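Lifted from TrEMBL, the feature list:
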| type | residues | note |
| --- | --- | --- |
| TRANSMEM | 20-39 | transmembrane segment |
| TRANSMEM | 46-69 | transmembrane segment |
| TRANSMEM | 75-95 | transmembrane segment |
| TRANSMEM | 116-135 | transmembrane segment |
| TRANSMEM | 150-169 | transmembrane segment |
| TRANSMEM | 190-211 | transmembrane segment |
| TRANSMEM | 231-252 | transmembrane segment |
| TRANSMEM | 310-328 | transmembrane segment |
């Protein structure tokens, strides 16, 4: 039975995974386990060299140069130790991805659109990693700068399991865990690997069944069936869509998460099932945990967060969602999506504040 071709993201990453990425991830696993077994002290640098070689092989020398240039510019700007300047640099680097002339130049580097999109997705995710490193560099004392050197930035930026699509791991967590030396057990790692592969294979089979049998994306991409459907049918279609999105990211984040575990790191928690969520706030906290930690640590809390005034909370939340919309591409529908999510979070938090008033609690 033919599959639903309308979900670009799933088809794209499955195709790349089968062709090259899974093989490169297997290579990373081999290098990681050998370095943990033989040269634990030099594991970060072994993985850095492998990640750079994998990037060169997959994206070519020009793609590799673009990512290296982004890292070098971010590191140079971080030397001023000004968070605002670091953020300005990050936003400008993201903006360069959407300049038509630059886009056309990068397209000419490759034979197919898929290769160009791989570079685009990779650089977008690397921008977040560069931002995390640079802000941590700004916030740490001079005595701690040895653990925030340019080689450590390269080890972080070119760490291959999270290279193309995440999940996002903040630099302070990565540095702390990667620098930790601990007992290595081949037997334990083999068990973790086998159990992890079985779980991911089950999720992949479930996603493939959904995309071959349900045709969710083909239905919502056509106006005619949507106009003739009842409200109950539309609600069921929306639920099916978000459930597929959930299963898809169990696979897309499950594979790198398993490799993080094999490297002795603690990956961000996998997405929580959307059927268990009843609020915007929980959705943002527990679906993409790595992105949530990034947004809270580098935008929401520095802008005042929940500890500031009502206006300050509204502003910090608005800036957080504005960045999410901009990073995802900045198209008009993304701004609407971000605004609706911001409104949902504000209404929920406002309701909680009202319900926490003792008089209201007594009435309830």
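Each Cβ is built from the backbone N, Cα and C atoms, and glycine gets one as well.
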Is the number of Cβ-Cβ pairs under 8 Å between the transmembrane segment (190-211) and the transmembrane segment (150-169) three or more, considering only pairs separated by 6 or more positions? no
Spatial neighbours of the transmembrane segment (310-328) far in sequence, C-beta under 8 Å, 6+ residues away: 91, 94, 124, 127-128, 291, 295, 299-300, 303-304, 334-335, 337-339, 341-342, 345-346, 349
Surrounding residues of the transmembrane segment (231-252) on its own chain - C-beta under 8 Å, 6+ positions past either end: 7, 9-10, 13, 165, 200, 203-204, 206-207, 210-211, 214, 216-217, 219-220, 270-271, 273-275, 287-288
